[in-house]
Structures are given as C-alpha cells and as structure tokens.
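Input: a single structure, listed below in structure tokens.
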Amino acid sequence: MALGILAACIQCWCSPGLCLGVTWHRKNRNMKSDSYRWVMALGSNGSRMVPVATPAYYAYETIMDFSADDDEALKQYLPSHFGKKDGSVDVEAQIERARRKVVDESKQEQKEDGSDDDSDDDSDMSDEDEYPVSHELIIKTADRAVTTLALDPSGTRLVTGGNDCLLKLHDLSALTPSTIRAFKTVDPFATKASETAESHSIHQVLYGPHSGGQFLCITATPQARLFSRDGDLISEFVKGDMYLRDKHNTKGHTAEITSAAWHPTNRDRFVTAGTDSTVRIWDVNKRMKQAEVIVHKSRAAGSAGMTRMTAIAWGAAAEGGSSMLVSAALDGSLVMWGGEGPYHRPTAEVKDAHAKDTWTSGLDISADGRLVITRGGDDTIKLWDTRKFKTPLKTTSHPSTSSQYPTSNIQFAPDLQSIVTGSETGHLHILNPATLRPELVTPVTPGHPLITVNWHRKINQILTGSANGQTTILFNPKLSNAGALSILSKAPKKRHLDDDPSLTVDMDPLGMAGEARDPSSNAASFSARHPTIGLTASGKSRDPRRPHIPATTPFAKSTPDQKFVMEQIEGSDMRDEDPVQALLKYAPKEGEKAIFTGAWEKTQPVGIYKDYDSEEDARNSKSKRVKR
C-alpha cells in the first residue's frame, strides 16, 4: 500500500520504578517498524517522562498479553464516543431493573419437602405471568403510615393519605424515573398553613367509578370533604347537632366518619358510615343536609341500641335488580339494605357475622353483585352470597391489623378471579374466591404491615400502602399498561446545578446576619417562590380564618427607640401620668373665668355641695334594692 498505516496501542503495567507506559508503533509497507515508549519513572526526586526505544516484536508481545478483562476495565474510564450524546434511553433495560424476585411463600413448604426444582420454577413463572407482580415501582410517599390510596378511573392521578394528616397528589403521566414525588401536598383542614388549624388522620380517599374530576376525603371528623382532582376544596358537608337524641332529626353525622363509598352508577351520590350508629346518603350538590339517613339499631346487650359502623360498601345490581348497601358494625353484625330504598328496615342481617367488639375493617362487593367479602378483627376472612346471606360460603384464618390500622381493606380483582389483601407481615395475599386459599403470597414491605391495596381495572396494576410510609406499584410489562410503565419508559430528567440547594450560595444583598433573618422568608421555601398562591386578585387571603399578613421588611425586624416613640406619639406616656394632676390642669386660676361652672356665676356665685352621710346612703340603698 502506498499509504502508511498508523496504529496506536495503549499498554498499562506495573513494574518496579515504572508507573505507566504508552507505546506508539509506526508500521510501513516494508514491515520495518519503529516503536517508542514514553515511560513515567517514579523516583525520590519526583516523576519524569523518559522516551525508550522498544523493538517491534516486544510491542506486539505486550499487546497480545493484554487480556479482555483488562480491556473492559479500561473502557470504563474512557469515553465511548465524542461529540453530543444521544438523549435516548434503553427502555427495556430500565424496566428490567424494576424487576423483583417473585417469591410465592405459600409453596415454600413443597420446596423444603424435596419437590422437583424444575416444577417449582415453572410454577413461579406461571404465577409471574398470571398476576401483575413481576415488577415494582416504589414511591416514598410519607414518613408515617399510608392508610389509604386512590387512583382515578383513567389511571393517571394518584392520591394517598395517612397518619401524617396530609393528602399527596401524584400525576403518574408526568413523572420520570428521577422525579418520582408528589406534585402537591394538601391539608384537608386548611387551605393555608395556620397554627390554629386542626389535624386529623385520613381514613379514606376514593374517586368515583365514572368520574375522575373529584375525589372524596374521609377524615377522623364528622364531616366529609370533596376535593377536585387538583386538590382544591369543593365542598365540606355539614355536621349534625350532637345534642339531638333522635339521629333521624340531625342533618349530618354527629361523630367520626369511618368509611364511605360512591354509588355504582350515579356519580352525584355517595354514602358514609359513622360511629354515631348511622349510615347517611349524600348528594354532592347539597352539602347542608343528607339525602337519606339510616339508623342501625344494635341488639347487643348493654349497647342501648347504639354501635359503631366500621365499614360500608355500595354494590351494583345483581341479576337486573337494584343496587345494594352492605355495612359492618362493631357489634359483629353485617347488614344489607336496598341501595335505592326504602331504608326503614334492612333486607338482610347477620347478627354474628364476626366476633363482637372487633373492628371489621375490610368490606367489598363483587362487580356482579353476587358475592360479599369481609375481613374482620377476629382474624378471619369470610365470603358471603347475597342471595343466601345467613351463613358464609367460605371462612379462612387471616391475622388482622384493624386494631392498629382500622382502614386495612380487602378487594375483589377486576376480573373477579381473585381477592387481594395485605397482611401484618408486609406480604401481599392473592386468594382464590372459591376456596379462599392463597394463590400467591409475595413480600412487598417485609416487617411492615401492608394496610391498603387497590387493584386498578384499566391499567391492571396493584397499588399498596404500607405502615412505613411507602407506596408500591406492582405491575407486569406483559399484562399492564400505562401507570408505572409510562414512568419507566421516559428518560431521567436532567438535573440542573441550581436544583440542589446545598450547592448554591445565598448572597445576602443587605449584609444582615443569619440569625437576624426570619426563617419564614427563606427564598427556598414554596411560599416565598410563589407569593400569590392562596391569595385572591385583591391580594387578600383565601382562608377567612387568617388575616392578611403584610410582607416583612428588614426595617421592621429591629427594636424601635422607646424614647423617640414617646416623644412622637401623643398619649404614649399616659400610663405614668397622675390623673388628679391631669384634671387640675383644667381648673381656673384666680381671676379667670370658669369653663364648666361659668353659667352659675350670677345666680349661685358660691357653690353649694351636699353633705355626705354614709349611714343615710346605706339605708337608702337598701330600700331601693329590688327583691327577685
């Protein structure tokens, strides 16, 4: 070849006195080669670069001794290409990193007995393909327990609530793998932070089955609250008069609400159950009074006809009939009413459905209206037939967590082929509705109770809330769509240097000391960056309980001069003034005309005053006293 070929080879080795060597080899057409090495020699006087001539065969020998493992290790420190990098992301690899090891602990005993490992592996793979639990996406929602969560019908807006008394709103369609966090935090009791605002744990949040524009929030208060999908308060329903004995005459709940449910077909109606022994049906457009009130009369001894309602469900019609209401009570009873009325008496009632004085936290009705599943505080799960409501079809043992977390729920799968619930050990249990035996038991948050579960119909993903404040989305790329898959299908968001407040410097233009500044005026706070949030167009606060606070200036933080204020403000020294001397200033001096008694100078120049007699005044006061 007329043109010479240039080859560059990098050679790294460790030898006494040598640290790094780079061999440059030039090869021409006549196979005559010259090679040189630049060697960094380490000595007591420092380092220096020394050129050393090297035979060609030595260069080839050292190159051949360079192993593939060393080549891969060296590539980690060298750029793969130059120029602008492509912003695309390997979606399959990103989803694969979210894969979890699916462990069916219900079949561990078979493995310990020496069963065939191949059959066990095949069984695990079949469970992985059958249920959406092969992958997971973890959302660190709060520092305290997540007691409830809800996902709108479209599967894009997630709302969580817990013992931290706050609502966390997540937009799953806008999240990226590096920005998995809530876009808004809402306090149900105040539109703006206030020291006098109440705080109560959140029992339940739920979207309507046909509308994702609003969600219902049930807290440990007698009032239900309706919020928009963006977290704005729409209406707060009225509280009843607790001093009225007849609960039929009250306009709302007189005690804490424990559970709620939406009407299966009417988007404007929902039902609530409370500890005042009532079930109330509401219209979202009429917040000042419930539409219907149902008073549950307990027959338990010593209850005085009152008990606490622990759970409520509103199911669809069965075989062309009307909808149904099913409620559980603290006295162990399970009561059914017709969903469209009349509500004078229940259509069916089971007195001893669960043990007395135990909290039945989980209650759900199947989509076809034929089955009812309950999870009681007596460590049992029972399956009921709505057509034969006297005895349960199946009963199984399952440890309860309702004594500590009264919102622990249970739910039918969208296809009615499974029942899903959590456990006190942090495992997810998928049960067979025919036998109530576990089809799959897999750990989600081991060591922390799994409180709430939600199997979404549209995206086919299971959402769980745990006692450690973690929200987990379980999915399978083969069976699920949108939701967590849409998050992992995006490239991580590029973070700017200014996004990390620890890497920025606060340059104070006023030169004030750090301890002299108000911590509420921190520029990194949300209120400082959004000064108009929570204010009307006129600049007033939207919260009527809180007056408008003017902006704090550096001059208002210093202590005013007391002497200067007393000199400038008239009347500031009245506290130290003698009232007698203050009145004597207006007394006329000798030769001056009296100001107040000048009208009697001619008719009565000398003042005549009444002689004071204490005994006579005392007798007159007694005679004027009126007896009651």
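Placed from the backbone N, Cα and C atoms, the Cβ positions cover glycine too.
Just so it is clear, the model here is predicted, and its values are computed rather than measured.
Summarising the annotation, TrEMBL assigns signal peptide to 1-21.
Per TrEMBL, the feature region 'Disordered' maps to 99-130 (among others).
The compositional bias 'Basic and acidic residues' feature in TrEMBL is assigned to 99-113.
Residues or ranges marked as compositional bias 'Acidic residues' by TrEMBL: 114-130.
The repeat 'WD' annotation in TrEMBL covers 250-292 (among others). Cβ atoms under 8 Å from those of the repeat 'WD' (250-292) belong to residues 203-204, 206-211, 214, 216, 218-224, 226, 235-242, 244, 298, 305-317, 323, 325, 327, 329, 337, 339, 341, 343, 363, 406 of the same chain, restricted to positions at least 6 beyond its ends.
Annotation comment: TrEMBL describes 363-387 (among others) as repeat 'WD'. Residues 259, 311-319, 321, 323-324, 326-328, 334, 336, 348, 350, 353-355, 393-400, 402-403, 408-412, 414, 416, 419, 421, 431, 433, 436 of the same chain, all 6+ positions outside the repeat 'WD' (363-387), place their C-beta atoms under 8 angstroms from a C-beta of that stretch.
Annotation source TrEMBL lists region 'Disordered' at 514-562 (among others).
Under the heading region 'Disordered', TrEMBL lists 606-628 (among others).
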DSSP assigns the residues of the repeat 'WD' (250-292) as 0 helix, 20 strand, 23 coil
DSSP puts the residues of the repeat 'WD' (363-387) at 0 helix, 14 strand, 11 coil
The average per-residue pLDDT within the repeat 'WD' (363-387) comes out at 93
